[in-house]
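Over in TrEMBL, the protein carries these features:
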ACT_SITE  D124  active site, charge relay system
ACT_SITE  H199  active site, charge relay system
ACT_SITE  S547  active site, charge relay system
DOMAIN    23-88  domain 'Inhibitor I9'
DOMAIN    115-585  domain 'Peptidase S8/S53'
DOMAIN    664-758  domain 'Subtilisin-like protease fibronectin type-III'
Amino acid sequence: MEGDPVALYGDGRRLDVNSEVFKAHAKRLVDSHDQLLQSALETGSYSKLYSFKHILNGFAVHTTPSQAEKLKEAPRVKLVERDRGAKLMTTYTPQFLGLPQGAWTQEGGDDHNAGEGIVIGLVDTGINPTHPSFAYDPLNPFTSNISHFSGACKTGPQFPASSCNGKIVSANFFSAGAQAVATLNSTVDFLSPFDAVGHGSHVASIAAGNAGVPVVVNGFYYGRASGMAPRARIAVYKAVYPTVGTLTDVVSAIDQAVLDGVDILTLSVGPDEPPEDTATFLSMFDIAMLFARRAGIFVVQAAGNQGPAPSSVVSYSPWAVGVASSSTDRTYPGSVLLGNGTKIEGVGLSGVLKASGSFPRTPPYVEECQYPEALDPNVVQGSVVICTFSEGFYNGTSTITAIINTAKVLGFMGFVLVANPNYGDFIAEPIPFGVSGIMVPNVTNVRVILQYYEQETCKEEKGFATRFAAKAAIGEGRVASFMGQAPVVSRLSSRGPDFINSSRTPCDVLKPDILAPGHQIWAAWSPISALEPTLTGYNFALLSGTSMATPHVAGIAALIKQYNPSWTPSMITSAISTTATKYDGDGEFIMAEGSDIGSSYPSTPFDFGAGFVSPSRAMDPGLVLSSGYEDYISFLCSLPEINPATTRNATGELCNNTLDHPANLNLPSVTLSALKGSQIIRRTFTNVGSKPETYLCSALSPNGTIVDLCPTWFRIAPQGSQELHIQVKVTQAMDGFTFGEIVLTGSLNHIVRIPLSVFPVSTSNT
């Protein structure tokens with residue numbers, strides 16, 4: 001709608017939300033929304049869900065498609081967008097990232113001060129307030145002032161007022177969108193900030209969980225968990241429920257988080273598809289994130305879990321940091337020892353099972369071990385049972401939870417879930433089984449097991465087994481191994497290039513932005529575990545996804561902001577990006593998992609963004625590239641696919657045409673999605689160091705191009721600025737993107753890296 005949002009001054013400062021002026025203006029907006037709906041739509045044909053009156057001037061309404069069409073034509077309505085679904089996109093990662101010896105030491109010597117004074121807002125499934133990762137220690141009180149934060153604590157089922165304990169400084173929930181599209185289940189869809197899923201608790205503890213919390217599952221100790229910024233405070237905004245999640249609720253949560261004054265906004269939730277009829281940058285979700293950035297909030301967002309397909313990212317906009325997921329060098333190797341001495345590798349967080357029992361094989365129709373009544377208890381009791389990963393697992397009707405239930409009911413000694421040679425390998429993640437068990441996802445290994453089984457099994461003429469003589473032992477799978485190549489970009493992690501519309505037309509913005517640990521991350525959980533029965537009753541879970549990578553970057557951003565309190569979100573983004581590494585722990589180029597299980601290829605910026613995050617180096621990057629709200633508006637206005645009227649309708653801002661090309665937005669990367677002839681791109685650097693420094697400028701040209709830099713060196717004073725002209729010229733047309741980088745090497749040992757991603761279309765400018 002026409003009119004300005006009211007929570008911010010033009011320069012991004014927050015208004016006094018308790019002032020009479022603020023309250024009166026907010027009321028006028030709500031009244032105007034009601035009046036518009038009453039005049040435009042038929043009585044009884046709609047239900048207003050929210051009035052957005054803080055960072056957005058608009059509303060969410062539940063109505064029919066025909067009424068939505070009428071609303072589009074109503075006076076003062078600038079934009080109508082269909083709601084979309086919202087989907088959910090650690091004991092070791094602080095050590096893997098070098099925090100104990102690096103960034104934490106800069107925050108006061110250890111983890112006891114890391115993140116102090118910073119409020120991290122989390123839009124997710126809520127939080128488990130009784131978890132030790134979120135406990136308040138009266139013997140170690142917070143010493144920081146968070147007067148800039150004004151969030152409140154809403155109570156409800158499983159979430160009493162005491163849940164906001166000083167570590168959790170506020171909690172809220174948003175359910176109007178969910179309730180409009182589905183009937184919620186009161187046994188799991190709690191109308192309170194309580195987390196019945198576990199996802200929100202997991203994300204919160206990775207970002208800001210207390211330091212040194214023991215991780216114990218099924219009586220086994222896996223180590224101690226610490227968040228990236230263990231002394232940061234947590235503000236909870238529940239917007240996704242076990243039954244359903246909607247972007248309407250997510251946007252409302254963002255609106256409230258900005259009003260409350262969080263420093264960091266963490267979004268491990270996001271759209272389940274691109275917007276249908278608007279540019280990706282101009283969806284309500286992305287505009288809400290833009291206004292959060294205008295308020296001075298660092299916004300970090302999961303890149304998505306649709307990898308390794310190209311253009312699968314769901315993080316589109318340059319004002320939000322999109323995070324990709326990688327492995328660490330920690331694995332949990334399990335094994336099966338056969339009676340003939342052969343040892344087979346497997347996956348499963350399971351304790352030792354002594355060599356005893358046998359391998360009964362049931363008829364094919366019960367090979368997945370889903371139903372206890374389908375197996376003969378006299379045969380399987382006290383035995384190790386082979387279960388097969390077949391059609392039911394591929395179509396989602398079979399589960400490991402059902403295998404565990406069958407094993408418990410019938411008294412299996414243990415189970416081995418093996419790949420079906422007819423279907424091929426499957427992807428297996430370690431799960432803390434409640435009974436001894438292991439997964440063998442590799443067909444080659446499975447054939448060895450099955451051959452041994454057949455040799456040791458006597459059968460009658462019709463093929464039914466009459467005697468089982470095969471024996472096996474399941475080895476200890478809960479002891480971590482720290483070796484192998486890492487980090488590696490996870491298969492599931494969504495890839496670039498970024499795109500501007502539902503046709504996936506590439507645009508001049510690099511996505512993802514950064515790579516962080518997201519594979520097999522231990523963190524807090526909710527025992528209800530409404531969406532994952534296998535983890536019911538557990539307080540910790542080992543999960544993988546960009547949802548897990550995102551809070552790593554949120555916590556690291558909190559450390560940087562604590563150390564450099566005057567830095568803007570774009571300066572923090574730049575510091576994280578330009579200090580990232582493209583090499584793994586062995587000094588080799590970071591690899592990315594491919595679509596075939598076990599395959600990999602050398603990463604590109606479309607896999608890992610600028611590279612793997614390096615917290616300690618990000619504290620002192622030397623130079624930063626800065627951009628603000630007005631720059632983002634100019635970026636939108638420079639896009640040939642978006643006209644000025646559309647930009648104004650979405651943002652309320654007029655185009656002033658200060659940016660002649662979208663690639664000239666002052667980002668810590670350069671992306672040219674369709675380069676013809678040559679293009680000069682500009683970047684402006686600021687010295688955030690305390691001393692003057694001389695930088696040498698060099699470029700690695702992408703294939704099919706030549707890159708020239710001007711100047712080739714410069715000396716820059718503290719707080720001084722320097723513009724760099726980057727001329728990219730096509731020497732040969734290519735059939736896709738090619739990659740290079742710009743490297744600025746400082747005399748005080750600062751190294752600033754900027755990835756280049758170019759699609760050379762033609763040697764001619766026409």
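From the backbone N, Cα and C atoms, a Cβ is placed for every residue, glycine too.
Geometry remark: D124 (active site, charge relay system) versus S547 (active site, charge relay system), CA distance 10 Å. DSSP labels the residues of the domain 'Subtilisin-like protease fibronectin type-III' (664-758) in these numbers: 1 helix, 62 strand, 32 coil. In this structure, the CA atom of H199 (active site, charge relay system) is 8 Å away from the CA atom of S547 (active site, charge relay system). Applying DSSP to the domain 'Inhibitor I9' (23-88) sorts its residues as follows: 26 helix, 17 strand, 23 coil.
Around the Cβ of H199 (active site, charge relay system), 30 further Cβ atoms fall within 10 Å across all displayed protein chains.
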